[in-house]
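Trainee: Pasting the feature list from TrEMBL:
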ACT_SITE  Lys212  active site, proton donor/acceptor
ACT_SITE  Cys266  active site, nucleophile
BINDING   Tyr13, Ile14, Asp33, Thr85, Thr126, Arg338  NAD(+) binding site
BINDING   Arg160, Val161, Lys212, Asn216, Arg219, His250, Arg252, Gly263, Phe330, Lys331, Lys416  UDP-N-acetyl-alpha-D-mannosaminouronate binding site
DOMAIN    324-420  domain 'UDP-glucose/GDP-mannose dehydrogenase C-terminal'
Amino acid sequence: MSFATISVIGLGYIGLPTAAAFASKQQHVVGVDINQHAVDTINRGAIHIVEPDLDQVVKTAVEGGFLRASTQPVAAEAFLIAVPTPFKGDHEPDMVYVKAAAESIAPVLKKGALVILESTSPVGATEQMAGWLAELRPDLTFPQQAGEAAEINIAYCPERVLPGQVMVELIKNDRVIGGMTPVCSARASELYNIFLEGECVVTNSRTAEMCKLTENSFRDVNIAFANELSLICADQGINVWELIRLANRHPRVNILQPGPGVGGHCIAVDPWFIVAQNPQQAQLIRTAREVNDSKPHWVINQVKAAVADCLAETGKRASEITIACFGLAFKPNIDDLRESPAMEIAELLSGWHSGTTLAVEPNIHQLPKQLIGHCELATTAEALEQADVLVMLVDHQPFKAIAGAQVQQRWIVDTKGVWR
Ligand code: SAJ
């Protein structure tokens, strides 16, 4: 059975590349988003987010008539829901956008449709979504009621693409397919196989939900280990970068890299979904989150100590000292500042410091509003020329290319080992 129309609900960092991937295989795709600006931009053949190669795929798909965007859901043979799942309150998952997406497609659901949830979700979310749909459409049968004979098929199929490499990973990575029934899994596999070069690995919806959370928690725990080591090494007078390089020469050791903290919308969020559902058991996962979340504050204290030292040595007043923060993005070589520990550090430092705080971020042209009036956007050359204290926050390629001789400052806080 083919899919005459595929509808992707949510045209963000995951939904738009997914919609474009189907459209690039000559599938008719309708992308739906509540953001009118995003819809208008896509319908012009352009994109509203930054992701390598996505612009060209979207342009070709729109010009070829395979992809269009709308603020209103339309009937389709397959719906993919890729909306945000942030947390609320005490780090509990907020399913409000998934619920709104389910409510928006319910009126246009037809017998035979496949509904896939892609958003990172707590265990049980797919069954919950199926419940909302069944309530809104009592005229249709769903897997939780009719099993294999259901008129609507439902599956959980998490995305696992790395921002910055989405157009490659979307197609090459294996895809976990968690159908509510084997028929649901078979149909979901058929859908993804339209563009997938990786394998569809079939399981049930609850295991697929937990699998996504597990992958990101695994990475968070491993980064927390590296971050904890960086604190220990600072106290012991050991270069953590050298230490990790040496330890990783052991055939069964593979330590990740410390940094200013963990950012982005996934790794700093998803482990909390496990903690919220399993507060007694998830001790290590919770502690890893706490270790990573506390790292920016440790970095700020290091900078304060460097400034104090600089004041004592130079006899300058605090207002005469310039601090330069290198990098604002949440990780190297991207322009995404959301949930970035570097942003948090720049914001808190500039609020504390009475002198000038420079921010160097080669991937942006204007400062985000939180920093306007507190920081000045500077080039690498200006910062190296003017600053007394350097704070390396993101190992962007251009920063790694700075020659050692250009860095004359005595006071350096290097969270990424670039100037080690
Ligand atoms: N980081 C470190 N040290 C490291 C690696 C990363 O401090 O050794 C930091 C980064 O600087 C960044 C944060 O961790 O602040 C997250 O970056 P990332 O590159 O590890 O991951 P994301 O958030 O860009 O994407 C992750 C990926 N998950 C895994 O690798 C398990 C991606 O595959 C997921 O699809 C994505 O989350 C998601 O959407 O869930």
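Cβ coordinates come from backbone N, Cα and C, glycine included.
Curation does not apply to TrEMBL; its annotations are automatic.
Can you tell me where each of these features sits in this structure?
Mentor: Lys212 (active site, proton donor/acceptor) falls within a helical segment according to DSSP. Annotation for Lys212 (active site, proton donor/acceptor): same-chain Cβ neighbours under 8 Å, separated by at least 6 residues, are Thr120, Ser121, Pro158, Arg160, Val176, Asp270.
Sequence-distant neighbours of Cys266 (active site, nucleophile) (same chain, six or more apart, CB under 8 Å from its CB) are Thr120, Asn216, listed in sequence order. DSSP gives Cys266 (active site, nucleophile) a coil state; it is part of no helix or strand.
Taking the Cβ of Thr85 (NAD(+) binding site) as reference, residues of its chain lying under 8 Å away and at least six apart in sequence are, in sequence order, Pro93, Asp94, Met95, Tyr97, Val98, Ser119, Thr120, Ser121, Ala125.
Using a 10 Å Cβ-Cβ cutoff, Phe330 (UDP-N-acetyl-alpha-D-mannosaminouronate binding site) registers 26 neighbours.
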Trainee: If you measure from the CA of Arg338 (NAD(+) binding site) out to 10 Å, which binding-site residues from the list Arg219, Phe330, Lys416 are inside that radius?
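Mentor: Checking each Cα against Arg338 (NAD(+) binding site), the hits are Phe330.
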Trainee: Tell me the Cβ neighbour count for Tyr13 (NAD(+) binding site), meaning other Cβ atoms within 10 Å of its Cβ, over all protein chains shown.
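Mentor: Cβ-Cβ neighbours of Tyr13 (NAD(+) binding site) within 10 Å number 21.
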Trainee: Please give the UDP-N-acetyl-alpha-D-mannosaminouronate site's span as the largest CA-CA distance among Arg160, Val161, Lys212, Asn216, Arg219, His250, Arg252, Gly263, Phe330, Lys331, Lys416, to the nearest whole angstrom.
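Mentor: Looking at Arg160, Val161, Lys212, Asn216, Arg219, His250, Arg252, Gly263, Phe330, Lys331, Lys416 as a set, their Cα atoms extend up to 30 Å apart.
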Trainee: Could you check the binding-site residues Arg160, Arg252, Lys416 and say which one's CB has the most other CB atoms within 10 Å?
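Mentor: Answer by Cβ density within 10 Å: Lys416.
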Trainee: State which of the following binding-site residues has the fewest other Cβ atoms within 10 Å around its Cβ: Arg219, Arg338.
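Mentor: Taking Arg219, Arg338 as the binding-site residues, the minimal 10 Å Cβ count falls on Arg338.
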